[in-house]
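Peer 1: What follows is a single structure, and I will ask about it in a moment.
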């Protein structure tokens, strides 16, 4: 069985992690706060790629201070960003936390994973102040994509690519050398595709996204999978 690369997920359950290891799903797992960071740090397996970043849903000065020791030694910073849709955290608090983490990533030359929802224009303008390597995860807005394409960002294609035009435009317009695929974790796939979606279908969800990208780019599925693997390694390693 060939390795497949999931560029964005979370801790999930022990059962999900066992499945990922068994199915050879090399996974970038994001720890969104200090508690999750401690758990992630204790996990074993060469299928894991670790990322640490204070998630905008959890943004606060206190939480950021607790996260700083993890951020200082993180190989990848993320997921970090701005969200005006799915959380009630004060936007000024989010902005401060976002900028401080961007500054750290830029200063330490670490790649960063971005969570952007409802704040696409502002976030694109913000990251211009912090030169770096950015992965925009599951971009789902019909507007402002050009602002990220212009900055040579990487993008993940979410598991709902068959039905979401915003995700489809990412697969169609971003260069193949900047595309990755993601699940965002098993619970997110269920949210996107239906509660009845089985854990055993997780690898298939990634394969389906690769298949969609291959069709959009006019290449074979094998070629697309190889390029996505190369992109993952270039970004994360």
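Backbone N, Cα and C define each Cβ position, glycine as well.
Below are the features listed in TrEMBL for this protein:
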{"type": "BINDING", "residues": "8, 10, 79, 184", "note": "divalent metal cation 1 binding site"}
{"type": "BINDING", "residues": "115, 137", "note": "divalent metal cation 2 binding site"}
Peer 1: Provide, as an integer number of angstrom, the distance between the C-alpha atoms of residue 137 (divalent metal cation 2 binding site) and residue 8 (divalent metal cation 1 binding site).
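Peer 2: With the alpha carbons as reference points, the distance is 7 Å.
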Peer 1: Using C-alpha atoms only, work out the spacing between residue 184 (divalent metal cation 1 binding site) and residue 115 (divalent metal cation 2 binding site) and round it to an integer in Å.
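Peer 2: If we compare the Cα positions of residue 184 (divalent metal cation 1 binding site) and residue 115 (divalent metal cation 2 binding site), the gap is 11 Å.
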Peer 1: With a radius of 8 angstroms around the mean position of the C-beta atoms of 8, 10, 79, 184, what other residues of the same chain does the divalent metal cation 1 site pick up?
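Peer 2: Same chain, not in 8, 10, 79, 184, Cβ within 8 Å: 9, 28, 30, 113, 115, 137, 138, 182, 185, 188.
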Peer 1: Report, as a single number, how many Cβ atoms besides its own are within 10 Å of the Cβ of residue 115 (divalent metal cation 2 binding site).
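Peer 2: If we count other Cβ atoms within 10 Å of residue 115 (divalent metal cation 2 binding site), we arrive at 25.
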Peer 1: Whole-number Å only: compute the distance from the Cα of residue 79 (divalent metal cation 1 binding site) to the Cα of residue 115 (divalent metal cation 2 binding site).
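Peer 2: Approximately 6 Å lies between the Cα of residue 79 (divalent metal cation 1 binding site) and that of residue 115 (divalent metal cation 2 binding site).
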Peer 1: Tell me the Cα distance separating residue 10 (divalent metal cation 1 binding site) from residue 115 (divalent metal cation 2 binding site), rounded to the nearest angstrom.
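Peer 2: Here the two Cα atoms lie 13 Å apart.
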